[in-house]
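Inspection log for the structure reproduced underneath, given as structure tokens.
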Amino acid sequence: MDSTVLLGKATGEIGGFNETMAAAAFEEISHFILRCQFASIVIVTFLSGVLVMQLFTYFTYQRNDKIWTRAIVAWSASWTLVITCYYWVYISYLFVDNFGDWLPWLEVRWLAKMPVFDALAVIPVQSFFAYRAYLLMNRNKILLAVLVLLLTTAAGGAIGTTIIFGEQETLFGASVSGPALITWTAVTTGADIIIAGCILAGLLRSKTGWTHTDKLITRLVRLTFEAQLPPTFLALAYVLEWSQTPSSLLGAVFQSLQSSAYTVGLLFTLNSRIAFTTVDNDTRSQQTPQVFGMSNINNTRRPTDGIQVDVQTYVHDDQPYEYTHDRKGHSKADSLSDGDTERGVVFENGSRAHLTAGSNAV
């Protein structure tokens, strides 16, 4: 691959194409591929900025998270940022080092490495969600085996795409890597669909009838859609586009966004735990406990003003029989220090307690 590029620079040809032939080959689609490259670098850079902010939030508030979760975040985020920098170097090579030349657009050495880079960033993220699906499905061993097989196949397809596509002399030979690339993207999409479906099924089965729990599960279901569907649709769009126009650079746009979409989705899921914890604490401090199957809208606490407490005190003579026999005629009411009158005590909140002495005490 590199020898082909060196030979092309020496002879002015790549894969039998010289500058004039390359310009003629790209003439009809020149505006389209230029828009694709500019759009991809803008979107990738924007997502990298979002990723950096998410990383700051994650390591600020969740630095005590499980070590393997932090390792996945650090690994995938690092490779995503590497891909962004790599893509910037590629764009600089096309528009700065070789400005006005079309022959470098035929080189495959830059795009051929992207599948392996994507796999290094994406598969750990998929493994994280696959483990969550495994737990939600009651540690289903069959599901775990299927997901491991799919992720391993996706890794093999990415490596195969890099090897086969990298052996081609020009971009127009991209169709040769079709089986490996379709295997990689299709298996990636299939794994995403299975993982998302299992997570949703596990969450829906977790509903208990308690209002607070069910509302939390509903939010988690919505979160799963928001985090999982964008990268899934992106992978699906990539395989559909490549099957129609394999040598078009529109596929390179989808490929450059893939790692960013997965990593941003992962951190979106992890950072949402902060919001869930905050809302849960506010709910617990402001509302009454939940009643099974009932909403808490009308069960908020109300002030307890104007409560009156009536207290009646009775004195029971429990003296021994001999003492009672000697004290015949002694009235039990004499033991009351406040006589036979009723006294009221007013408390700070305006409530009133009455102390009543009854002459017919029992």
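Along the chain as shown, residues are numbered 1 onward.
Cβ atoms are placed via backbone N, Cα and C, with glycine included.
TrEMBL: automatically predicted annotations, no manual curation.
Among the features that TrEMBL reports, domain 'DUF6534' is placed at 190-273. Positions annotated as region 'Disordered' by TrEMBL: 321-343. The feature transmembrane segment is assigned by TrEMBL to 38-61, 73-96, 116-135, 142-166, 181-204.
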Near the transmembrane segment (181-204), which same-chain residues lie under 8 Å Cβ to Cβ, leaving out any that are not at least 6 residues past its ends?
-> 115, 119, 122, 126, 129-130, 132-137, 143, 146-147, 150-151, 153-154, 156-158, 160-161, 165, 217, 220-221, 224-225, 228-229, 231-232, 235-236, 238-239, 242-243
What same-chain residues lie close to the transmembrane segment (142-166): Cβ under 8 Å, and 6 or more beyond its ends?
-> 1, 108-109, 111-116, 118-119, 123, 126-127, 130, 133-134, 173-174, 176-177, 180-185, 187-188, 190-191, 194-195, 198
Per the Cβ filter (under 8 Å) with a sequence gap of at least 6 from its ends, the transmembrane segment (38-61) is approached by 70, 73, 77, 80-81, 83-84, 87-88, 91, 252-253, 256-257, 260-261, 263-264, 267-268, 270-271, 274
